[in-house]
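Colleague: Straight out of TrEMBL:
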ACT_SITE  SER192  active site, nucleophile
ACT_SITE  ASP305  active site
ACT_SITE  HIS339  active site
MOTIF     84-88  motif 'HGGXW'
Amino acid sequence: MDSHEDNADWGAWASVPWNPVTDSPTSTAETLGWHKSGVPYVPRGQAVALQTLDVWIPAAGITTNPLEPSYLPSLPGTWIVYIHGGAWRDPFITSASFTSAATNLLRRVTTTATTTQSTQSKPSAARIAGLISLNYRLSPHPSHPCPAPDLPSRQARHPDHIADVLTALAFLNRLGILPSDSDSPWILAGHSCGATLAFQSVMAPARWGLAQVSNPTKPRAIVGFNGLYDLAGFIAEPPAAHAHLREGYREFVSGAFGADDEGVWRAVCPATAGEGWVGEWIGGSGGGARGRRRPEAVLVQSWEDSLVPYEQLEAMRGRLEGEGKGVVDVRVVEAGGDHNDIWSEGIRMGEILWEVVEALSVA
């Protein structure tokens, strides 16, 4: 990455300071890692408030303290990129919703490094280079207590959401944070509609009328937490236990993708999108090549989820095991708790992501 001051990407990166992440607010607390909040991934003058991302990196292996804002992480390991949920419209759920899980993962890295040094034991296979959480423009939320009808960042309509995700990933590619080829696998994760966006992002941008948008390097693994995969199916025939949510679903789906356009609703959802998208993913992930692990889809869902029924996972698993048979590994994991518990508490999310990193590291 060219780090000259006239490089717009580098300038955006260096405009945000690194702040220490600790387990407690005391000045003597151990530094688990470093955090940048609100890095713009769209050129200044064009960006709106939500076109930003957060970055966390482990302190292990970094000898400089404090870090200069221009510091670009280059230690080996796996990067995890996370996309938050919120039905494409909730302004209270942002990139910061990954904080609990990120802190949990930084703590795991620190504990593993300390144990390895003190006992001279074999190091864990899991090596995390860094963590990223994306913001993206939101759709209007007329019933929200803070509707903000005039904010450009809250007037998005498909394909604006996925365009922002692809733009952010391309920004990370250009910086050299995410690999520009498939030799260094990375993980893409998302919660609820963030899981929808994660799978949308590995499809050809032309599907969304975004042929001009850079097609970033594909992740080796996608982890969907309590994901939305078949919106038209839910609205047409919701499971009995969730039938009372039908009109709420119709409202936010119409706000994000257009009112009562079932054809669009099916086209944008990974369980019902047009054929061929699995091939669009594996063609750029590097998986399936000789000696390399196949791409993996990890579908995480809670039986206790009061907002998203388990049938959403079943629809997605069926699609992946059909179109992706023999080329994509599909794994189902129990989340536990209600819909947002997995990110608000962060422990289970961190545990699952750590396991996925370990699996990639030994592949």
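Heads up, the Cβ atoms here are built off N, Cα and C, so glycines get one too.
Owing to the predicted nature of the structure, the values given are computational and were not obtained by experimental measurement.
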Colleague: I need the CA-to-CA distance for SER192 (active site, nucleophile) versus HIS339 (active site), whole Å please.
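Modeller: SER192 (active site, nucleophile) and HIS339 (active site) have their Cα atoms 8 Å apart.
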Colleague: CB neighbours of ASP305 (active site) within 10 A?
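Modeller: By my count, 23.
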Colleague: If you skip the near sequence neighbours and keep only those at least six away, which residues in the chain come within under 8 angstroms of HIS339 (active site), Cβ to Cβ?
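Modeller: Expected: SER192, ASN226, SER302, ASP305, SER306, LEU307, VAL308.
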